[in-house]
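Enquirer: Just lifted these from TrEMBL, have a look:
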DOMAIN    89-233  domain 'Yip1'
REGION    1-20  region 'Disordered'
TRANSMEM  104-122  transmembrane segment
TRANSMEM  128-148  transmembrane segment
TRANSMEM  160-179  transmembrane segment
TRANSMEM  185-210  transmembrane segment
TRANSMEM  217-235  transmembrane segment
Amino acid sequence: MGWGQFDYSQPQQPPQQAGNDYYQQNQQYQQPQTNYYGGQMFMPNNGTGAIPNAGVAADGEDYENEPPLLEELGINFSHIKEKTIAVLNPTGSATVEVIADQDLAGPLVFCLLFGAALLLHGKLSFGFIYGVGGLGCVGIYALMNLMATDEKNISFTCTASVLGYCLLPMALLSIVTAVLSFKGIIGYIISSLAVLWCSSASSKLFVIALSMDHQRLLVAYPCVLLYSVFALLAIF
């Protein structure tokens, strides 16, 4: 297009001057480049300036500051340890925060331990354990919320967590009965003590969570009925 813009009616200029005019005419059709990259294409920038939103992915998730996987799953080993010690120690206690932790990992482990101990007896009773445990959790959940004050209530998962943790003495009883026969007066007495142990621990945790200090015997009664069924599974 540049060749068609010369005016051939004018006298011809020397070659050097004509070349300069041609260069100046072509410069009118070229846009000046203001953004010039002075670095190397395949080399990273060595600047010391902080990169904004470092560690944030394109989808907006901050993967560097994510909590651990166990924390996302709701598994807190310190709470599991404190609950287990509160169950094993009849005079021990636990904070309301720990009791309100809706942790089901510990109860699941203790239920599996109880069922595995029953396997040593030659009894496959996992269905009975989960069935009785589920019905017991529903009944005690409704009963605790009816007995509690208007300001206090307890969730179903928290109820299942407390009852599952307090199953640990019954799992230990089932392990012992796999070696020794408890079908006698001494066995019945030891089994009754295990039921009282489980009921005392569970009623203690419920009383702390719901602030029912003067109703512990009423809370312990349905727990005794529930753990008596597990004791019958362990003995017979």
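In case you wondered, yes, glycine gets a Cβ from its N, Cα and C as well.
Annotations in TrEMBL come from automatic prediction, not curation.
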Enquirer: In the domain 'Yip1' (89-233), how many residues does DSSP put in helix, strand and coil?
Expert: 108 helix, 0 strand, 37 coil
Enquirer: Are there residues at least 6 beyond the ends of the transmembrane segment (217-235) whose Cβ is under 8 Å from a Cβ of it, and what are they?
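Expert: Distal contacts: 114, 117-118, 123, 125, 128-129, 132, 136, 139-140, 143-144, 147, 163, 166-167, 170, 173-174, 177, 182-183, 187-188, 191-192, 194-196, 198-200, 202-203, 206-207.
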Enquirer: Cβ pairs under 8 Å only, please: of the recorded stretches 104-122, 128-148, 160-179, which one is richest in them relative to the transmembrane segment (185-210)?
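Expert: It is 160-179, which has the most Cβ pairs under 8 Å.
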Enquirer: Report the mean pLDDT of the predicted model across the domain 'Yip1' (89-233), rounded to a whole number.
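Expert: A mean pLDDT of 91 is what the model gives the domain 'Yip1' (89-233).
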